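A short write-up of the structure that comes next.
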Amino acid sequence: MALLELRGVGKEFGAIRALGDVDLAIEPGEAVGLMGDNGAGKSTLVKIIAGNFAPTSGSIAFDGQPVHFTRPVDARDVGIEVVYQDLALADNLTAAANVFLGRELRRRVGPFSFLDHGAMNRRAGELFAELKSETRANDVVRAMSGGQRQAVAIARTRLSDAKLVLMDEPTAAISVRQVAEVLDLIRRLKDHGVAVILISHRMPDVFSVCDRVVVLRRGRKVADKAIAQSSPEEVTALITGAKEAA
Amino acid sequence: MMASETSSASAGAIKTGDFANVGRAAWWQRGFFASQTAYVAAALLAIVIVMALMSPAFLSAGNVANVAKNFSFIGIVTLGMTLVIVTGGIDLSVGSVMALSAIACAMAMQALAGTGLASVPFATMTLAIAAGLGVAVLVGLTNGLLVARVGLSPFVTTLGMLSIARGLAYAVTEGRGQTPAGPDIDAFYAFTDGTILGVPMAVVYLLGLAAMLGVVLHHTAFGRHVFALGGNEKAAALTGISVERVKVSVYVLCSLSAGFAGILMTGWLGSAPANLATGYELTIIAAAVIGGANLAGGMGGPAGAVIGALLIEVIRNGLVLAGINAYWQIVLVGMIIILAVLVDRLRSGRAA
C-alpha cells in the first residue's frame, strides 16, 4: 500500500491553473525526485503535501486514510516533515537545541519545569550518530558547515519519527563535498524506511539517490518512471518540453 | 545572505579538511570568556582599579553603597530590556513606565489610607504596589499585542508609548509630584529603600532578579524560545513555538521590571515626580548593549545587563569624584557604547 497517494490533485489561484490533475503514489522508504523548470508547479505540489494550502480538486490519502490538510501542523501530525531550503534553524542555538526546538525535553522540579540539557544532548548525539554525521550536539549552528546544518534539519525529522520527508533543494548553494554528505543523509533516511521527496534542479543528485523521478511541466505530470529506466538526457528533454511525455 | 553564509562555511570546511575541529577553540576563546560580556567585565575591573588608585574616596563604604543603589534601578530595568532585545525587539517606553507606575503606586497609597483597609497591616502598601505593577503590566500588554499581533514595529510602538505614558504621568498629577503616604509608609520605605545586612534593598532585588532571569533564559523552554525568536523568528514559528505569546510575555516582563524599579525609586526619593526617570530608556538600552545584548537579537544575558549598568554608573561616579564636568560624562558614556560594540565586532571579524 502506498504511503502517500494523490489522485487528480489540482490547484487554481484565481484564473491561473498552477497544477492540474496530478496522480502520485509514494511507497515507504522510497525516494522520489521531483523535477521541473521554474513555475512548473513543483513548489505548489510540495506545499499541498506539506499542508500549506488545500488543493482545489482531487484527493490525498496518507497511510491509507484520506487526509485534508489546511495547516502545516495537520501534515506534521500524520508524519510529514519538511526540510526547508533555508533550513529554518536558529543560528544562535546549539545543534541539540535546534533539533528539540518547540518540543524540548523537560524535568519537573516541584511546580517548575526545567530543560533536561543532558537528555537532549544525548538524544541529539544518537540521532547524529544514526545519520553518520559528525555534527556535535553541543556546537552552535552558526559555526557549522552547510552539510552539518542539513544534518541538524534532518535530525529534527528523525526525532518526530516522520514517515515522509520533503526536501526543498537541499543541495543548492553548498560545496561538492557537502553535497555528498547530504546525499548520504538521504540514503540514511531511506534505510530507516522513511520516504523522501527530493525537489532538486541537480540531475546528478536525483540520479544518485532517488528510485524514481517525477517531472512536472506547466502544472502537469509529464513523466513518472524508475531512475533505472531513464537518463539525465531524457529528463532534461522532458523538463524543457523537447520531449512531450514518457 | 544565505548564499554568502554557506559559501564562507564551505570555504572553512575545505581549508580544515574535516569537521572535527569546528568550534574547538582554546578555553579562553570559547563560551563566556569569548563573549562581549567578559571583555566588558574586564574593562570594568580595570576602571575600578584605576579609580581606586586615583581617588581614595572611590572605594569608601559610603561611595560603594551610593554606586550600588544608583546602578540597581537602571540594572533592574536593563534585565527586562535585555529580554526584549534578545527577541530582536526594543522597548523605548521604560523610562515613562517607571514614572507612571511610581505615580500609580503613590496615589493608590494615598487613596487607600483613608479607607477601612488602613487598619489591616500592610494592606495599603501591598495594594498600592500591586496598582503600580498593574499599570506596568497594562502598558507592557499593549506594547506586546501591538508588536506581536498587529505586527507594528517595536521601535515605533514603544516610542509612541513613551509619549503616552509620560503624558499620562503629567496629566493625572497635573505635573505635581505624588508623595506616598498612609499607615504603611514606614514599611514601604523599608521594602523599597531599606537594607538587609547593610546591603541596599535595590541591590538585593537586582541580584535576585538577575539570578532568576539567568535560570529562566538558560534552563526553561520559555527562555530557549526567547533566544530562538531572536535567532530566526520564522524558524521558531515553523517549529510550532507560539511566537505571539513569547513576544507579548517579554514586553510585559520588561514593563514590569520598569514599574518595579520606578516604585523602588519612589521609596528612595520619598516622592514620585512626573518627570521621574526621564531619558532613562537610553541609558538602559546602552547598559544592555554594553553588556553584550545584540540589537539584532539572539544574544544577551543577565550578567551582561548587570555589568553594563554597573560600568555606566562607575564611570559616571568616577568622573564626579575626579571633578570632571558632568556634561563630559554624557560624551564618555556614548563613546563607551560604541567602543564596546566595536571591540566585539573586531573580535568576531578576526575569528571568522
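Positions of Cβ are set from backbone N, Cα and C atoms, glycine also.
For B:38-59 (among others), the entry in TrEMBL reads transmembrane segment. Sequence-remote contacts of a segment are chain residues at least 6 beyond its ends whose Cβ falls under 8 Å from one of its Cβ atoms, and for the transmembrane segment (B:38-59) they are 32, 290-292, 303-304, 307-308, 310-311, 314-315, 317-318, 321-322, 340, 343-344, 347.
The transmembrane segment feature in TrEMBL is assigned to B:71-90 (among others).
Positions annotated as transmembrane segment by TrEMBL: B:96-120 (among others).
Long-range contacts of the transmembrane segment (B:127-152) within the same chain, counting only residues at least 6 positions beyond its ends with a Cβ under 8 Å from a Cβ of the stretch, are 89, 91, 93, 97, 100-102, 104-106, 108-109, 112, 117, 158, 161, 165, 180, 182, 188, 191, 243-245, 247-256, 258-260, 262-263. What TrEMBL records for B:127-152 (among others) is transmembrane segment.
Below 8 angstroms of C-beta separation, residues 65, 68-69, 72-73, 75-76, 79, 82-83, 86, 190, 223, 226-227, 257, 260, 264, 268, 301-303, 305-306 of the same chain, each at least six residues beyond the ends of the transmembrane segment (B:196-217), sit close to that stretch. Taken from TrEMBL, the feature transmembrane segment applies to B:196-217 (among others).
Per TrEMBL, the feature transmembrane segment maps to B:248-270 (among others).
Positions annotated as transmembrane segment by TrEMBL: B:282-312 (among others).
The list of residues near the transmembrane segment (B:319-343) in space but at least 6 beyond its ends in sequence, with Cβ under 8 angstroms from a Cβ of it, reads 36, 39-40, 51, 54-55, 57-58, 63, 283, 286, 289-290, 311-312. Feature annotation from TrEMBL assigns transmembrane segment to B:319-343 (among others).
Scored on C-beta pairs under 8 angstroms, the neighbour of the transmembrane segment (B:248-270) with the top count among B:71-90, B:96-120, B:282-312 is B:71-90.
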